[in-house]
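Colleague: One structure follows; several queries about it will come next.
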Amino acid sequence: MASSSAYAAQLPAVPEWLNKGDNAWQLTAATLVGIQSMPGLVVLYGSIVKKKWAVNSAFMALYAYASSLLVWVLVGFRMAFGDRLLPFWGKAGVALSQGYLVARASLPATAHGAATPRTEPMYPEATLVLFQFEFAAITLVLLAGSVLGRMNIKAWMAFTPLWLLLSYTVGAFSLWGGGFLYHWGVIDYSGGYVIHLSSGVAGFTAAYWVGPRLKSDRERFSPNNILLMIAGGGLLWMGWAGFNGGAPYAASIAASVAVLNTNVSAATSLLTWTCLDVIFFSKPSVIGAVQGMMTGLVCITPGAGLVQTWAAVVMGVFAGSVPWFTMMILHKKSALLMRVDDTLAVFHTHAVAGLLGGVLTGLLATPELLGIESPVPGLRGAFYGGGARQVGKQLAGAAFVVAWNVVVTSLILLAIGLVVPLRMPDDQLMIGDDAAHGEEAYALWGDGEKFDATRHDAARVGLGGGGMEREGSAEQRLSGIMMGARGVTIQL
């Protein structure tokens, strides 16, 4: 039967280089990363924002994910992982033909001047294209968190493909695809720099150029559904097994170490953040717990498969405390941080945590695990004989990523601003989803009836008005968790 023949030792359509286990794991890992965006971040964004921005926030994530795929297969993938064009960029080309996609996956630029060329993945190019697309897409979705609640959706639609091509592909090629940082020995196991530092810096830059939300929204931006926010955060955590576990491009020992370290760091960071909340604010914050989870996941990413598990605990402690300090303390003392309206504090949770993870990887990466994964012979963390040189490389690599994203993101937005406004007008910002999309997240009242403020508010007042007061006070208490007690919007 056809079903049993698929497991035969040799098949005409199954080349000798194909490792079915590696291929199955890589496709699974790609799916897990995809779930982080769809529905993970879509659900999280739609629930963590004010009710009037639920649809717009979820749609920005949805649009970024969908638009990235077409750009990726048309030109983006080969700019990030194709033949070398420049030290920081690959040659553009399509990834659509059958001949290209069914051939064995390769990273041609990684062999450029390498003493020990990287072993090619043992599955088809189509698998690698899909896996790396999920990383490109989630980077843009994370970036969107900085500009929620006011960016013109038409400007966002123009921004996503341009940023993917002109910014993301440069970081990906430079650090992963065989660019100059890759060959120099800058370590970024699974995206601490390529994804998190990039999205945090680019998001902060975009927030500067787009401008702030309405004053009323900045002061009071309570989540419309904390339980759904937790569900979205949970999908992110579980999906990170594919995020870091898929980085070795094989179902390998390094993948096992990476997945374990990822969970250990996330749990440690969540507990550290929660303890700091209790110590300084007297009660644990659920929003803070999700933030701590996120910073732990981000911090371990640059070295997930390259550090020992005790080091993952150390990285988790730093991940739960350093971004907490920058968000809760430093933010209020910095005029620039207070001025720029980074809606979900992506700068703190991704840029700060990603840079922290890169530096800690430069200290804690072990030569044994680096020997499994590193393309550059002799790499090791500073605590294992690498000295300050490796830390210096990590800082230099981060400086390149930061500078490129600031400049390119600014140029892209300035160009788009010549065509369409970057920020929605204030009258539309007062309304939110209905003005931007003609739709609302909670549009129905009763049995399919549209909510009518003149009738239903009057009916509620007729019941005594106490319900309105209680609702307001509850919302104020929730806002106090996010803004009043901390003095800064603190989200993903």
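Cβ coordinates are placed from backbone N, Cα and C, and glycine is handled just like the others.
Okay, so TrEMBL annotates it like this:
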- 24-46: transmembrane segment (TRANSMEM)
- 24-442: domain 'Ammonium transporter AmtB-like' (DOMAIN)
- 58-81: transmembrane segment (TRANSMEM)
- 129-149: transmembrane segment (TRANSMEM)
- 161-184: transmembrane segment (TRANSMEM)
- 190-211: transmembrane segment (TRANSMEM)
- 223-243: transmembrane segment (TRANSMEM)
- 249-273: transmembrane segment (TRANSMEM)
- 285-304: transmembrane segment (TRANSMEM)
- 310-331: transmembrane segment (TRANSMEM)
- 343-365: transmembrane segment (TRANSMEM)
- 395-420: transmembrane segment (TRANSMEM)
Colleague: Check the transmembrane segment (343-365) against the transmembrane segment (129-149) for contact, please; criterion is three or more CB pairs under 8 Å, pairs 6 or more apart in sequence.
Modeller: yes
Colleague: So what pLDDT does the domain 'Ammonium transporter AmtB-like' (24-442) average out to?
Modeller: 91
Colleague: Count, for each of 223-243, 249-273, 285-304, 310-331, the Cβ pairs lying under 8 Å from the transmembrane segment (24-46), and report the range with the highest count.
Modeller: 223-243
Colleague: Mind checking which residues of the chain, 6+ beyond the ends of the transmembrane segment (249-273), have their Cβ under 8 Å from one of its Cβ atoms?
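Modeller: Apart from its flanks, the transmembrane segment (249-273) reaches 19, 21-22, 24-26, 105, 121-122, 128, 189-190, 237, 240-241, 243, 288-289, 291-293, 295-297, 299-301, 304-307, 309, 311-313, 315-317, 319-321, 324, 369, 372-373.
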Colleague: Tell me, please, if the transmembrane segment (285-304) and the transmembrane segment (129-149) are in contact, taking contact as 3+ Cβ pairs under 8 Å between residues separated by 6 or more positions?
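Modeller: Contact absent: fewer than 3 Cβ pairs fall under 8 Å.
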Colleague: By Cβ distance under 8 Å, which residues at least 6 away from the ends of the transmembrane segment (161-184) in the same chain are close to it?
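Modeller: 67-68, 71-72, 75-76, 79-82, 84, 87-90, 107-114, 132, 135-136, 139-140, 143, 193-194, 198, 202, 375-376, 393, 397, 400-401, 404-405, 408-409, 412, 416.
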Colleague: Using a Cβ cut-off of under 8 Å, list the residues of the same chain at least 6 residues beyond the transmembrane segment (223-243) that approach it.
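Modeller: Non-local partners: 28-36, 39-51, 54, 135, 190-191, 259, 262-263, 266, 286-287, 290, 293-294, 297, 301, 441-442, 478, 482, 492.
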Colleague: Would you mind listing the long-range same-chain contacts of the transmembrane segment (190-211), meaning Cβ under 8 Å and 6+ residues beyond its ends?
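Modeller: For the transmembrane segment (190-211), the sequence-distant neighbours (Cβ-Cβ under 8 Å, at least 6 residues beyond its ends) are 135, 138-140, 142-147, 150-151, 155, 159, 163, 167-168, 171-172, 175-176, 243-244, 246-247, 258, 298-299, 301-305, 340-343, 346-355, 357-358, 361, 397-398, 401-402, 405-406, 409-410, 413-414, 417, 422-423.
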Colleague: Same chain only, please: residues at least 6 beyond the ends of the transmembrane segment (310-331) with a C-beta under 8 Å from a C-beta of the stretch. Say none if there are none.
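Modeller: Tertiary neighbours of the transmembrane segment (310-331) are 260-262, 264-273, 276, 280, 291-292, 295-296, 298-300, 303-304, 337-338, 345, 348-349, 352-353, 356-357, 360, 364, 486-488, 490.
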